[in-house]
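Trainee: So TrEMBL has the following annotated:
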- A:382-460: domain 'Cytochrome c' (DOMAIN)
- A:15-40: transmembrane segment (TRANSMEM)
- A:61-86: transmembrane segment (TRANSMEM)
- A:98-120: transmembrane segment (TRANSMEM)
- A:141-164: transmembrane segment (TRANSMEM)
- A:184-210: transmembrane segment (TRANSMEM)
- A:222-244: transmembrane segment (TRANSMEM)
- A:271-290: transmembrane segment (TRANSMEM)
- A:295-313: transmembrane segment (TRANSMEM)
């Protein structure tokens, strides 16, 4: 890794990305992609029936979506990007080099989308008062907005699909083969009805807020939106099925196939169960909304909503199976090393090519064995410093020291309280990609395995949080240190 | 400790010819920044007029008129920022990501801070009339929004500044130490002053195009409103003649000469003088002729903004170009070694330890 290492030692780095991404998916699918066609349809229906109540309801829902999408929605979209570039700069930088034009196009569509939602919301009242012709135009604006929201999603899905399975891109490095990867269409087919159903559930919830209990219109609105949701629910199941049956194909050429297949089978069963539960809860609630609308409590809608979230969350995890242990399938591992880099790094060591070192804080230096002479202490600290650098460069993208998915909790579970000596841990780490299909092989040299082992042993006695470059900064390796490291490696290699 | 780091770059080709990327970066960044100016300046002016509105109701109405512009401007500002972000990521990968990581906690806090600022802006605007009775709470919101809008640009500026100086990377310990690098505050002051100035021009545009009834509803004469706009445009611009050169003089020295940068900013100063003169003349004009020079003023402003963007880019290039050569050489050297190691491994018959 050749950037200063940003690191969150409590929640873990993946947590940062996941939180922002889930919020974004929720707002994007539920309030934009799925909701805009629903709002436009309501406006159209109100116009057709000459019933202003539909118009008022549609506007209220739109206004709510406008407030959320232009704040949380827009900013979490940028936030995914900022967080990934902090946590995995090499992966996002590589993706941008390949997908620049996709992102650029996406951006143009996004500009259009924002202008349309501004126009659609801010002209609603004015245009509605200017006669039926103008109203028709406004409705068309609504459908245009719905279309562009969907296109934004369609482009992003291509990039997501690419990260899972770059298909033929690896051999011909061209943009279009990257885009048209084998999971693209099934994934898009799944997300589209999912977004519509999600929007339906949210709209049912909003209707309960925006209409009065005694109001006969409330029933009418609940019924109509329930039908909308009902219409999409089966497609969620069908496309979900299609999607997950295409996954094993995409996984075929991965490493660690047997373990991955097992893990995926687990995922698959669970996905099916969750999907069925979700669709059933949707159907139940929707039945209720249709037949007994006046008895529908708000909490009842929270259930299918969370079921959908649960399903979406579980669904998003499939990417881990397919691309594991890569960030970009077959090209780059999740630790930021390219597959091609391995021969060099394992020969010479990752530290040889690392520009930065991650300084130890005073708290991190505590817990050394007592009664060390001063030179021994210095030598020990130097080893620990190098071991920490190995950890930061090869493990820290996925593991914390003492927080979520911490390396110490794993070691504690595996080795208990006996001393975690390098002899004990190094052997495991060398073969860790066999033990856990999520993990890439260790990219460093034999000597670095020992250094990492020494550091892990230190962590057994030292519980201080590991700071990232955002607070502790970096030390710049001078060239000389790099050369010395190479030399010891070579002498070792010769000895072997 | 004061070693200059020379990291490796991403070993993939640029997705587009460099001039195209530079074009995207400069043009869309300037558009972005103009709308950010409107947004931030709009928040300041709203607060200012709202405070005056405590004594004289019509100022409160004026504040509302200005607040109403922020909603659209802020969305456009955000969306226009994405393209330049994409371009800077591509063109300055090593520099930009390094600066981001070194100030990471603050850098990522941009997201929640902007969300909060935007939500409060909405509350402030859409509950304006409902909050009549809680005037101080309402003004409190405007104050919080203004403070957020004051702080967020500082995070961006610190990053943009830090990325230019690889020799400082090894000495940075978090956001605040990056904030202390030379040039940050003078550039910041330069930006902040531009906000009310740009918003002043926006006011002129706004009140020139409103119809008679709308103007009558504000309780002001049209000429008064337009004059206020020009005053907002003129006085901060006048101050820029001190702050701008200060920002220029505090630019750290670069290895490459920056004559062209100084030339571009020099021309910008001359053009600004002409523009400021016109603005001042406008503030003195009577109702019949006020606004006569609006188009030329906007045109000159466009030229100034363009020159600022160009000068900024030239300086950035001067600052990083020599280092970028080192990075390029390092990356090539690394890739050669990678190839050699892979050949060696293939010759040994095994595909090292990655294979199953």
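Cβ from N, Cα, C; glycine included.
TrEMBL annotations: computationally assigned, not manually curated.
Can you walk me through where each of these features ends up in the structure?
Mentor: Mapped onto DSSP helix, strand and coil, the domain 'Cytochrome c' (A:382-460) counts 50 helix, 2 strand, 27 coil.
A Cβ distance under 8 Å defines the sequence-distant neighbours of the transmembrane segment (A:15-40), meaning residues of its chain 6+ beyond its ends; these are 8, 58, 61-62, 64-65, 68-69, 72-73, 76-77, 79-80, 83-84, 86-87, 113, 117, 139, 142-143, 145-146, 149-150, 152-153, 191-192, 194-203, 225, 228, 309, 312-313, 316, 404.
Same-chain residues lying 6+ beyond the ends of the transmembrane segment (A:61-86) with a Cβ under 8 Å from its Cβ atoms: 6, 13, 16-17, 20-21, 23-24, 27-28, 31-32, 35-36, 38-39, 42, 92-93, 110, 114, 117-118, 120-121, 124, 203, 206, 210.
Cβ atoms under 8 Å from those of the transmembrane segment (A:184-210) belong to residues 26, 28-31, 33-35, 37-38, 57, 60-61, 64, 150, 153-154, 157-158, 160-161, 218, 221-222, 225-226, 228-229, 232-233, 235-236, 239-240, 242-243, 246, 282, 285, 289, 296, 298, 301-302, 304-305, 308, 311-312, 315 of the same chain, restricted to positions at least 6 beyond its ends.
Tertiary proximity for the transmembrane segment (A:222-244) is limited to same-chain residues at least six positions away from its ends with a CB under 8 Å from its CB atoms, namely 38, 41, 45, 183, 186-187, 189-190, 192-194, 196-197, 200-201, 203-204, 207, 268, 271-272, 275-276, 278-279, 282-283, 286-287, 289-290, 293, 296, 315, 318.
Panel annotation: around the transmembrane segment (A:295-313), residues 22, 25-26, 29, 194, 197-198, 201-202, 204-205, 208, 222, 271, 274-275, 277-278, 281-282, 285, 288-289 of the same chain, lying at least six beyond its termini, place a Cβ under 8 Å from a Cβ of the stretch.
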Trainee: The transmembrane segment (A:141-164): which same-chain residues, six or more beyond its ends, come within Cβ distance under 8 Å?
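Mentor: Cβ under 8 Å, 6 or more out: 28-29, 32-33, 36-37, 39-40, 43-44, 91, 95, 98-99, 102-103, 105-106, 109-110, 112-113, 116-117, 119-120, 123, 178-181, 183-184, 187-188, 191-192, 195, 250, 319, 322-323, 327-329.
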Trainee: Which residues, given as numbers and ranges, are at least 6 beyond the ends of the transmembrane segment (A:271-290) yet have a Cβ under 8 Å from it?
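Mentor: Residues packing against the transmembrane segment (A:271-290) from afar: 197, 201, 204, 222-223, 225-227, 229-230, 233-234, 236-237, 240, 244, 296, 300-301, 303-304, 307-308, 310-311, 314-315, 318.
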